[in-house]
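If you look up Swiss-Prot, you'll see Gly375, His376, Ser377, Gly378, Ser379, Gly380, Lys381, Thr382 marked as ATP binding site, on the strength of sequence analysis. Among the features that Swiss-Prot reports, domain 'ABC transmembrane type-1' is placed at 28-310, with the record citing sequence analysis. Here Swiss-Prot flags 342-576 as domain 'ABC transporter'. Per Swiss-Prot, transmembrane segment is recorded for 23-43, 56-76, 141-161, 162-182, 257-277, 278-298.
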Amino acid sequence: MKNNLPIKSRLLYKRLLSYVKPFWPVLLLGVLANILYSGIDAGFTYMTKLFLDKSFITIDLDFVKQIPLIVLIGITLRGLVSSLGSYCMTWVARSVVKVLRQTVFSHIIHLPADYYDEATSGQLLSKILYDVEQVAQVSADALTDFIQNICLVIGLLTVMMVICWQLSLMFLLTIPFVGIIVNYTNKRVRRISHKVQKTMGEVTEIASEAIEGYRVVRIFGGERYEITKFNKATEYSRKNDMKVAISKAINVSGVQLVIAIGIAMIIMAAIHLSTVITISAGSFLAIIAAMLQLIKPMKTLTTLNATIQRGLAGAESVFNLLDLPLERNNGLILKDKIRGEIEFKHVYHAYRQGQNILHDVNFVIEAGTSVALVGHSGSGKTTIASLLPRFYELSQGMITLDGMPIQQLSLESLRKQMSLVSQNVTLFNDTLANNIAYGRFDASREQIITAAKLAYADEFIKQLPDGYDTRVGENGVLLSGGQRQRIAIARAILKDAPILILDEATSALDSESEHYIQAALEQVMNGRTTLIIAHRLSTIKHAHKIIVMQHGRIVEQGSHQELLDMDGHYAQLYKVQQFGRVNEEVVV
């Protein structure tokens, strides 16, 4: 899934411009304002020649009297266009970032499940927050500074050429050397910027894991280990930042040295060629002033280069993500609910072209019946449950829904027919009502309460300070494990889909809660096609059919009693669990 091939700068610029294009009127206004700003600065430099020549050599009192007014108008206009240009460019940049960030988030939401298996939440957050923000610097700060300073450089060089083209040509000889320095630092900064972005992802990942798993960190005494790991990552980030700073310093000092040599050459030429080149004192000082003024914009442009390279590296990272293929989402759109007959035909599956996890799996779930998958960890139960809603695409074989291959159905239509309650409950930092109604945003409060009652969640919800309007915290941290599980079951009940997938749905409940939930689930499962994954065999006795998995293969299937009578794998598992449960009760 990963795509780390470098993208050429030209293509990056072109692709970035496609995001800027919708805002071109504001961008054009900002560019014109910045050009005018630079033109005023260059005009003031030319005014130096006129002021000196007409004030001290050929005295022109009328012109001298106009100087204060010219300066006042020029500085006022300069301030206005500077503010206008800055506002317009920032507006464009933030608009680009908004669109790009929304595009990245939408793309991540629709990436295949195997991408999430590889990428960490810290890496993804770094792309959404840090990498996209680097693009903002290219779109706003860097672009504004680039336009202002490149226009100022052109304006000052034009002034120099108008005043004395011979001396100006000597200064232009230094530009190729500036280009060599900039080109060298370009490559170095881009390379280091990629490392900086990778490091930021690692820093975010380490912090995210330590914060989310704070209970494990503390109970196992991992505070020092996590702090050391975080410190190493931040130190590595600091070193890379310092490498960028060194590159900037080399860039700036090198360019300043070249410009200083150019100024020295012009002064020497003006002294030694005074008999050949006729130039007034005002013209000579104006050229020197223009060259001195050139130092700042050229310094800014060379420093700006590092910002641009960081932004391009961020853009490359973002575009590499956007180039990843999305889930295949083509097929028929189902308008009505299906009956719910499921069939697996010669199904094989391997994750990322590795060894097969499933081997020639064949079974049928009749509409409205329940089938339980049992077996040791790693036997392929969860893989089967993940293939049904097409979280992963089949390697070989076919899965049908009412006789239709699921690959021929749109993802939205397919998943609309299913509800899922998994062992790892996901709750959002929102109200209990909104968590229950997730995916059914049009549900009424009465429907939400009914679902909660069926899941035996209504009683504890009413005891909370704000009832159904109580916020649950990040991933339901304010609720107990059993309470979170019941909210997830209520969510599945409210969706009222014809197919129900229960992946260890009662694993986090105490014995009393489990008893009530089992009773509720039996009512909810009535008339629905239900796929149950369970380790505790006592919870699936009443399933219409039980399928026993081992090493990705079906080794037995039948009802609870039929499998016990066979005295095979299932009977052994059942005896082991019953013996363990008896011992547990004796200990208690």
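Each Cβ is built from the backbone N, Cα and C atoms, and glycine gets one as well.
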Can you work out the mean pLDDT of the predicted model over the domain 'ABC transporter' (342-576)?
86
Fewest other Cβ within 10 angstroms of its own Cβ, chosen from the binding-site residues Ser377, Ser379, Thr382:
Ser377
For Ser379 (ATP binding site), which of the three DSSP-derived states applies: helix, strand, or coil?
coil
Neighbourhood of Gly380 (ATP binding site) by C-beta distance under 8 A, where only residues 6 or more apart in the same chain count:
Ile357, Leu358, Val361, Met549, His551, Gly552, Arg553
Around Lys381 (ATP binding site), how many other C-beta atoms are within 10 angstroms of its C-beta?
25
Across all the protein chains here, work out how many other Cβ atoms are within 10 Å of the Cβ of His376 (ATP binding site).
13
Give me the long-range Cβ neighbours of Gly375 (ATP binding site): same chain, 6+ apart, Cβ under 8 Å, in sequence order.
Lys381, Val548, Met549, Gln550, His569, Leu573
What is the Cβ neighbour count of Gly378 (ATP binding site) at a 10 Å cut-off, with all protein chains included?
13
